[in-house]
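As recorded in TrEMBL:
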- 5-209: domain 'Phosphoribosyltransferase' (DOMAIN)
- Arg78, Arg103, Asp130, Pro131, Met132, Leu133, Ala134, Thr135, Gly136, Gly137, Thr138, Asp202: 5-phospho-alpha-D-ribose 1-diphosphate binding site (BINDING)
- Ile196, Gly201, Asp202, Ala203: uracil binding site (BINDING)
Amino acid sequence: MRLHVTDHPLVAHKLSVLRDESTPSPIFRLLVDELVTLLAYEATRDVRTEPKEIRTPVTTTTGVKLSDPSPIVIPILRAGLGMLDGMTRLLPTAEVGFLGLQRDEETFEAVTYANRLPDDLTDRQVFLLDPMLATGGTLVAAIDYVLERGAHDVTAVCLLAAPEGLQVVQDAIGDRVDVQVVVAAVDERLNDKKYIVPGLGDAGDRLYGVV
Ligand SMILES: O=P(O)(O)OC[C@H]1O[C@H](OP(=O)(O)OP(=O)(O)O)[C@H](O)[C@@H]1O
Ligand SMILES: O=c1cc[nH]c(=O)[nH]1
Ligand SMILES: [Mg+2]
């Protein structure tokens, strides 16, 4: 597993406002969208391209185009949905799949309630979106879903990660496949309810309210 922690003052500033408990949902949603766009720039550094001949008003030259098949972006519902527009703004031709996973708040196990993915992800670059990587259980389950479908190039874009969760992902994935995690910050630890500390609370609730 490769870990990329973004080091940028705008990311640090926006993340601090996001963490603030007094930031209301409309601003929280806007900040998540902006942060994802900044992270997407890093996360797509290895997106596959191929040469393409183009004609400018002056001459012909060789440009690049994104290779086929197009990448697939998979938000992990609910909270990952708040990251979708920010990601597809940079990758407008990407396809979108959906995974619904909810962490059981007693056992902390990820439970799947929705799965709308293509059967075959061979040769597709996969971008998983989830703001929080806490125990790592949700991300490991999501990675397993895409590996089962043949993916071998997977990038997870997260806002916050706990060191414990990163270790769980590293142990589960090892070096059997190229998995990259791009994150705005790695926080201190998990608390006894497995929330990230200092964190930002429950990302889904802060985006969409308590349901
Ligand atoms: O690393 P883990 O310990 O598995 O926890 C992280 C997961 O918890 C949150 O989702 P949640 O289960 O609260 O669902 P929600 O997005 O519907 O709020 C978060 O968005 C991640 O998906
Ligand atoms: O801190 C955390 C941990 C899991 N899920 C969240 O939304 N926040
Ligand atoms: Mg939640």
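Cβ from N, Cα, C; glycine included.
Heads up, TrEMBL stuff is auto-annotated, nobody curated it.
Overlay of TrEMBL annotations on the structure.
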residue : record                                              : Cβ neighbours (10 Å)
Arg78   : 5-phospho-alpha-D-ribose 1-diphosphate binding site : 18
Asp130  : 5-phospho-alpha-D-ribose 1-diphosphate binding site : 27
Met132  : 5-phospho-alpha-D-ribose 1-diphosphate binding site : 26
Ala134  : 5-phospho-alpha-D-ribose 1-diphosphate binding site : 26
Gly136  : 5-phospho-alpha-D-ribose 1-diphosphate binding site : 24
Thr138  : 5-phospho-alpha-D-ribose 1-diphosphate binding site : 26
Ile196  : uracil binding site                                 : 27
Gly201  : uracil binding site                                 : 15
Asp202  : uracil binding site                                 : 15
Ala203  : uracil binding site                                 : 25
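For the binding-site residues Ile196, Gly201, Asp202, Ala203, a Cα to Cα distance of within 10 angstroms from Arg78 (5-phospho-alpha-D-ribose 1-diphosphate binding site) holds for Ala203. Checked against ligand 2, the binding-site residues Arg78, Ala134, Asp202 give Ala134, Asp202 in sequence order as having a Cβ less than 6 Å away from one of its atoms. With respect to their backbone Cα atoms, Thr138 (5-phospho-alpha-D-ribose 1-diphosphate binding site) and Asp202 (uracil binding site) stand 14 Å from each other. In sequence order, Met132 are the binding-site residues from Asp130, Met132, Ala134, Gly136 with a C-alpha within 10 Å of the C-alpha of Asp202 (uracil binding site). For ligand 1, the neighbouring binding-site residues among Ala134, Ile196, Gly201 are Ala134, by Cβ distance under 6 Å. Across the structure, Ala134 (5-phospho-alpha-D-ribose 1-diphosphate binding site) and Ile196 (uracil binding site) place their CA atoms 6 angstrom apart. Closest to Asp130 (5-phospho-alpha-D-ribose 1-diphosphate binding site) in space, going by CA atoms and restricting to the binding-site residues Ile196, Gly201, Ala203, is Ala203.
Here Ala203 (uracil binding site) is positioned 15 angstrom away from Gly136 (5-phospho-alpha-D-ribose 1-diphosphate binding site), judged by their C-alpha atoms. Close to the recorded uracil site, the chain also has Pro131, Met132, Leu160, Tyr195, Gly199, Leu200, Gly204, Asp205, Arg206: residues not among Ile196, Gly201, Asp202, Ala203 whose Cβ is within 8 Å of the site's Cβ mean position. Of the residues the record lists as binding 5-phospho-alpha-D-ribose 1-diphosphate, namely Arg78, Arg103, Asp130, Pro131, Met132, Leu133, Ala134, Thr135, Gly136, Gly137, Thr138, Asp202, the two whose Cα atoms sit farthest apart are 17 Å from each other. Computed over the domain 'Phosphoribosyltransferase' (5-209), the whole-number mean pLDDT of the model equals 97.
Ligand 3 lies under 6 Å from the Cβ of none of the binding-site residues Asp130, Met132, Gly136, Thr138, Ile196, Gly201. Following the DSSP three-state reduction, the secondary structure of Ala203 (uracil binding site) is helix.
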